[in-house]
Amino acid sequence: MRLTPTHIKGIKVAIYLAAFLPFLWLVLSVDQGWFSADPAKDIQHFTGRMTLKLLLATLMIAPLARYTRQPLLIRCRRLVGLWCFAWGTLHLISYSTLELGLSNIGLLGRELVTRPYLTLGIISWLILLALAATSTLWAMRKLGAKWQTLHNLVYLVAILAPIHYLWSVKTFSPQPFIYALLAVVLLALRYKKFRNWWR
């Protein structure tokens, strides 16, 4: 069955729910005290994992559309990408306010220098910021061929973000490795595309 624009609208509603309902759960968890003895760390990890999940979902859309021969699925990619940026911003805010504290926000610059995994995180967020800011049709027309070059930086984020997660975890957990493996698989699916860049 071929997807129609009506189907895509329904899928977008599902994306909104899948991306927004975890935020409501996060708020409820904070209010009800469902987190561990270190809720600040739990919130940071939760928002970070949501960012990674949405990043991987964004990267999954193109190969899924190609292999299932459903080209209209591409219309969902921008929405997932914007939610990825939104959760990435929540992740940055949670670290800045809960880990450092509002009174020590000026320490963020020093933290970026002394903790390399934070450097990878902020680079990833800045790229997502640029992609979100230029995700409109107007920006696409304005930038021309440069638009695609800029948005190819999402592949760099797909490398940096899992490393950021792996590096930041103090105790062993399989989750960072799972996300890293999924990122490698999704990048490997684009092997021919990357190979053509070097020709």
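Residue positions begin at 1 at the first shown residue.
Each Cβ is built from the backbone N, Cα and C atoms, and glycine gets one as well.
If you look up Swiss-Prot, you'll see 10-30 (among others) marked as transmembrane segment. Within its own chain, the transmembrane segment (10-30) is flanked in space by residues 3, 39, 43, 46-47, 50, 54, 73, 75-76, 79-80, 83, 86-87, 90, which lie at least six positions past its ends and keep a Cβ under 8 Å from the stretch.
Remote same-chain residues near the transmembrane segment (79-99) are listed as 12, 15-16, 19, 23, 40, 43-44, 47-48, 50-51, 54-55, 57-58, 61, 105, 108, 118, 121-122, 124-125, 128-129, 131-132, 135, 154 (criterion: CB distance under 8 Å, separation of at least six residues from the stretch ends). According to Swiss-Prot, the transmembrane segment annotation covers 79-99 (among others).
Under the heading transmembrane segment, Swiss-Prot lists 120-140 (among others).
A Cβ distance under 8 Å defines the sequence-distant neighbours of the transmembrane segment (149-169), meaning residues of its chain 6+ beyond its ends; these are 48-49, 51-52, 55-56, 58-59, 81, 116-118, 120-121, 123-124, 127-128, 130-131, 134, 143, 175-177, 179-180, 183, 186-187, 190, 194. What Swiss-Prot lists as transmembrane segment is 149-169 (among others), and the listing cites sequence analysis.
Per Swiss-Prot, transmembrane segment is recorded for 171-191 (among others).
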